[in-house]
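Annotated in TrEMBL:
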- B:Lys7, B:Tyr8, B:Gly9, B:Gly10, B:Thr173, B:Asp174, B:Arg184, B:Lys209, B:Val210: ATP binding site (BINDING)
- B:Thr47, B:Glu74: substrate binding site (BINDING)
- B:264-341: domain 'ACT' (DOMAIN)
- B:344-416: domain 'ACT' (DOMAIN)
There are 2 protein chains.
Amino acid sequence: MTLIVQKYGGTSVADPDRIHAVADNVAITKKRGNDVIVVVSAMGKATDNLISLADQVAKKQSGREMDMLLTTGERQTAALLTMALADRGIDAISYTGSQVGIITDTAHRKAKIIEVKGDRVRNSLAEGKVCVIAGFQGVSTDKEVTTMGRGASDLTASALAQAMGADSCEIYTDVTGVFTADPRIVPQARKLAKVHFDEMLEMAGAGSKVLAMRSVEFARNHDVPLHVRSAFTWEPGTLVSNEEPSVEDPIISGVVTDMTEAKVTVLGVPDKPGISAALFEPLAAANVNVDMIVQNTSTEGRTDISFTMPMADLDEATSIVQQVAAEIGAETVTHDNDIAKLSLVGAGMKSSPGIAAKMFRVLADEDVNIQMISTSTIRVSIIIPAGDMERAARALHTAFDLDSGADYSAPLPTRK
Amino acid sequence: MTLIVQKYGGTSVADPDRIHAVADNVAITKKRGNDVIVVVSAMGKATDNLISLADQVAKKQSGREMDMLLTTGERQTAALLTMALADRGIDAISYTGSQVGIITDTAHRKAKIIEVKGDRVRNSLAEGKVCVIAGFQGVSTDKEVTTMGRGASDLTASALAQAMGADSCEIYTDVTGVFTADPRIVPQARKLAKVHFDEMLEMAGAGSKVLAMRSVEFARNHDVPLHVRSAFTWEPGTLVSNEEPSVEDPIISGVVTDMTEAKVTVLGVPDKPGISAALFEPLAAANVNVDMIVQNTSTEGRTDISFTMPMADLDEATSIVQQVAAEIGAETVTHDNDIAKLSLVGAGMKSSPGIAAKMFRVLADEDVNIQMISTSTIRVSIIIPAGDMERAARALHTAFDLDSGADYSAPLPTRK
């Protein structure tokens, strides 16, 4: 018997019509002779609405109580989908994260999975039942309800697929897969048939919203291939796995764009040990999520340090940095929220030198001024003015042959 | 230390403003030096909305899945109120029915409480915390989430008050207490300072919606006095207890009116053993909630049987009864949904003969035709035409001295 894990995100189960559509797909999968575990998110904006309610009743909220509150959204979807399945003659049963035995540590709102027991799921599957599981949640080692952070329903799905030895893990969402670029920005963007875990991780880090970074990390570490696909068109999507790219594969898999960050620059920083720590420790303590950091070689004992962070954190970051700058004797602090981050990601970079150089040449030809550069083995990220972002992304997409119709699609796991 | 249980119904916690008001009252109660357990219902129409969603995704719903779905409403309120308390500097913690150890049988949607363990509540109280508990729910002996029927949050409160040895149990609702009649129908209706459990039971059975019958039954059987009061005006309400009425108390406590029932009459029923069973067994099997049953002494071997039931069940009841009537050789079946039930309730009836006679005289003088009569030790109920109901209720209210301002209010338990 083939065991398939299917995860449906919030937009996929946003209303009764969507739940009917999802129930149809689960029923088909089951009737084809598969064992099925379904993981669901909260319906549409349910979680946002709960957070808004919490904001209206209390200025600050304890993690424990937020977890008690937010876990109800996924439980509602799980019960509703289970009823819709029963109506289709499918024997199904819903479980909370706690009932499944998803044991986490005690860090509310960002708990880490310690163990997936899964006894009740195993028994129910043996009885021929479809198990519908509330995503995003578990129970801590001290018996409290926990959640694992936004987007963690993907993590629930990967963890269950691994613990139950599933044959495939399908992540249903509102896009048809992973694209070479955001089609709203680069019209000629194409869906990728396959992506390596490492590429997906870099894409997530670069701002792609298709899969949450933690879920990809878990799937990679436990080698759980994820099939990202649409719950609206049901067409084959993108397989995210550890399959190494072949020589025929393009060097670059995608251009990732991100308009959600802002930049702070500290000018004239005395170049001596401990300066970076003095700057970034208070930011970390204030939970400012610093992304790119660039520091240049100093001239005349002084250097400039720039970093980016989510735009929402800009005011707090600026006020912290201004205080620190005064203490360490830096000259001045500037900030800019009119920026875009643009990244090239491709596993092929490892064996293809000169990608960054070509990227800079393309942008120079487009008259795009690069403000910051940061690289990893398979990624080059730059910060450019926001107004240049579309032009730059399209030019790079073309220059790196992502427009072409070259057929390099890998065979997808067969639907059984 | 005084232990107070407070229960807040759906309208009392319907929105963030209401939750703030409730949090203020809980905080005051705690700051006065009491231990406090709070039981909450789902916010406003939350439960109705979930039921509507369930209706939209499935034609029939299993009890287990409905319980998984519906228990989320109370959990949300509990978490939100706990946050609002923390914001007021009150150390509070929310618990689900399952976490509290409210152990029930396995009858989903109408589970009965077997035991209240309450260990976590006891520990939290000992740590000085306010415990905020999701009402209406428990966990069954086979580890499934259960609910105990609509209005069962009152039951949760009574059961906790009993298990924890609370000094008082306050039921906060959207009315200021138990009235001598529905003020919308009888403008001169007055709030009662006290009501005996038996009277409250009869009132609930007669159609009063202030407290659910099961909750009153539990409170009576375990002698947990309930203080019914308003979460909007916060004024002292009605004490429901086993205190016997004194001679100064009026004989009648209230006139209860109910417009939600319909009547079916089977005419010319052969008067032989087994006929009633043949009629009412299939109704029970179809879950038709039969209320009053009246059968007259037979004449010439035939009798008439009338009964009332909720108006929503009328079509089903009529179709069942028509079939049975044909089988048992009854002459004809009629039905009427233009009726009202009117009841006089009063513990004093036991020692005061002639109440029914006086009631009938008052109605005769008002030219109201009585269709059915049914009595218990402390209640007389009649069925009359719906159009006569207001006139009859007002006349009875006046005739039995309920209009008078006679001060017979009992001292309420002191707020500490």
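Placed from the backbone N, Cα and C atoms, the Cβ positions cover glycine too.
Note that TrEMBL annotation is computational and uncurated.
Location within the structure of each feature annotated in TrEMBL.
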residue  : record                 : Cβ contacts under 8 Å, 6 or more apart
B:Lys7   : ATP binding site       : B:Val38, B:Val39, B:Val40, B:Ser41, B:Gly135, B:Ser153, B:Asp154, B:Thr156, B:Ala157, B:Cys169, B:Glu170, B:Ile171, B:Tyr172
B:Gly9   : ATP binding site       : B:Ser41, B:Ser153, B:Ile171, B:Tyr172, B:Thr173, B:Asp174, B:Ala231
B:Thr47  : substrate binding site : B:Gly10, B:Ser41, B:Leu70, B:Gly73, B:Arg150
B:Glu74  : substrate binding site : B:Val40, B:Ser41, B:Ala42, B:Gly97, B:Ala134, B:Gly135, B:Phe136, B:Gln137, B:Ser153
B:Arg184 : ATP binding site       : none
B:Val210 : ATP binding site       : B:Thr173, B:Val175, B:Gly177, B:Val178, B:Met203, B:Ala204, B:Val228
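B:Arg184 (ATP binding site) falls within neither a helix nor a strand when secondary structure is assigned with DSSP, and so counts as coil. Helix, strand and coil counts from DSSP across the domain 'ACT' (B:264-341) read 29 helix, 28 strand, 21 coil. The local packing around B:Thr173 (ATP binding site), expressed as other Cβ atoms within 10 Å of its Cβ over all shown chains, amounts to 23. Averaged across the domain 'ACT' (B:344-416), pLDDT in this predicted model comes to 83. Spread of the ATP binding residues is 25 Å (greatest Cα-Cα distance among B:Lys7, B:Tyr8, B:Gly9, B:Gly10, B:Thr173, B:Asp174, B:Arg184, B:Lys209, B:Val210). DSSP assigns B:Thr47 (substrate binding site) to a helix.
According to DSSP, the secondary structure content of the domain 'ACT' (B:344-416) in residues is 30 helix, 14 strand, 29 coil. Classification of B:Gly9 (ATP binding site) by DSSP places it in coil, neither helical nor stranded.
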